Amino acid sequence: MTSETSVNLLDFDAEGLVAYCGSLGEKPFRAKQLQRWIHQYNAGDFDGMTDLAKSLREKLKGRASIVMPEIASDHVSTDGTRKWLIDVGNGNAVETVFIPEETRGTLCVSSQAGCAVNCRFCSTGKQGFSRNLSTAEIIGQLRMAEFALRASLGRAPGPNGKAERVVTNVVMMGMGEPLLNYSAVVPAMRLMLDDNAYGLSRRRVTLSTSGVVPMMDRLGAELPVALAVSLHAPNDALRDELVPLNKKYPLRELMAACQRYLKVAPRDFITFEYCMLDGVNDTEAHARELLAVTRDVPCKFNLIPFNPFPESGLIRSKPEQIKRFAQVLIDAGVVTTVRKTRGDDIDAACGQLAGAVKDRTRLAERTGAAGKIIEVRAV
């Protein structure tokens with residue numbers, strides 16, 4: 001029987017698992033075996049780990065566990081988009097969304113219950129911040145989704161190669177600001193990249209940040225994955241209003257951080273995300289200003305039609321205005337995409353992953369709550 005003080009092995013990346021096995025008097029190769037069982041074979045207990053010595057299995061049964069977050073709900077859209085509501089305890093919940101496409105499958109992962117950044121156009125921020133997720137709760141979203149999706153396709157667990165992988169891309173674009181939970185997010189991403197776990201390339205793991213400049217630099221030094229920046233405004237005055245974090249890290253500092261990051265990034269551009277708000281940030285003049293502020297950063301733009309929520313006081317830009325805005329950027333030679341709406345019928349949105357605005361992220365209030373999901377593309 002597992003003790004009350006057992007460690008959750010999902011909290012360990014490769015280095016952590018080697019250290020843990022060392023504390024049990026085991027050699028490093030045992031950690032690799034254990035990691036493969038957990039992350040490639042979806043093992044939930046130790047008895048079935050047949051290539052581990054029985055003595056080690058007995059040690060683990062007394063000291064360790066493999067504990068996944070509980071799934072509160074699981075919905076599939078008519079277009080194949082799938083959304084899970086994950087119970088993370090104390091009445092809090094986060095959402096994980098899978099977006100299937102012909103050549104890839106993208107998983108949108110949450111890093112916090114709620115968010116402290118409080119962007120004006122994001123309903124998650126309006127609910128306040130509850131807590132950081134643990135590494136186990138973050139990597140558990142990928143583990144849960146990958147093996148649930150494999151089961152739905154009749155595929156068995158196991159390291160069957162990239163052709164058998166269902167989740168081919170991960171975007172840290174769910175609830176929360178990933179760089180404000182750095183100590184848990186980075187080990188989770190290391191597992192995403194580890195060949196003894198999920199084996200994704202750095203180009204296929206994208207972290208989206210609102211612009212936490214010091215942590216962007218740290219990420220670049222320690223684990224440079226693809227980077228997206230939630231920009232949403234072309235000048236400091238407007239961005240101060242839409243993204244309050246800009247008051248601490250204004251655009252000049254943010255653009256400089258992007259330039260530094262590109263020196264080590266797995267891609268040669270930054271993706272700038274831009275929520276299209278009617279009459280707020282969507283004129284052709286704004287587009288030209290946006291080109292000016294980003295001129296020294298190789299980039300692409302991802303324009304996001306706003307998903308309205310109660311009390312936001314904001315309206316989605318009209319399609320024709322989004323098109324005009326995009327054309328200014330395209331005419332300047334910058335790759336520009338407009339994010340598509342996906343899975344309307346299962347209610348989960350970029351910027352609205354918390355569902356209908358409630359008090360914080362209360363699970364009982366949120367199961368089945370309303371929202372919209374829009375396509376999340378790895379970049």
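Note that Cβ sites are derived from N, Cα and C of the backbone, with glycine treated the same way.
What Swiss-Prot records for this protein:
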type	residues	note
ACT_SITE	Glu95	active site, proton acceptor
ACT_SITE	Cys350	active site, S-methylcysteine intermediate
BINDING	Cys115, Cys119, Cys122	[4Fe-4S] cluster binding site
BINDING	Gly176, Glu177, Ser208, Ser230, Leu231, His232, Asn307	S-adenosyl-L-methionine binding site
DISULFID	Cys108-Cys350	disulfide bond
DOMAIN	101-345	domain 'Radical SAM core'
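Of all residue pairs in the S-adenosyl-L-methionine-binding list (Gly176, Glu177, Ser208, Ser230, Leu231, His232, Asn307), the one with the greatest Cα separation is 19 Å apart. Summed and averaged per residue, pLDDT over the domain 'Radical SAM core' (101-345) gives 95.
When Cα-Cα distances from Gly176 (S-adenosyl-L-methionine binding site) are compared across the recorded positions Glu95, Cys108, Cys115, Cys119, Cys122, the shortest belongs to Cys115.
Separation of the C-alpha atoms of the residue listed as 'active site, proton acceptor' and Glu177 (S-adenosyl-L-methionine binding site): 14 Å, rounded to the nearest whole number.
Using a 10 Å Cβ-Cβ cutoff, Leu231 (S-adenosyl-L-methionine binding site) registers 29 neighbours. Asn307 (S-adenosyl-L-methionine binding site) sits 9 Å from Cys122 ([4Fe-4S] cluster binding site), taking the Cα positions as reference.
Only Cys115, from the recorded positions Cys108, Cys115, Cys119, Cys122, place their Cα within 10 Å of the Cα belonging to Glu177 (S-adenosyl-L-methionine binding site). Considering other CB atoms within 10 Å as the measure, the emptiest surroundings among the recorded positions Cys108, Cys115, Cys119, Cys122 are those of Cys119. The C-beta environment of Ser230 (S-adenosyl-L-methionine binding site), restricted to residues of the same chain at least 6 apart in sequence and closer than 8 Å, consists of Cys119, Ser208, Thr209, Ser210, Gly211, Val243, Glu273, Cys275. Cys115 ([4Fe-4S] cluster binding site) and Cys108 (disulfide bond) have their C-alpha atoms 16 Å apart, to the nearest angstrom.
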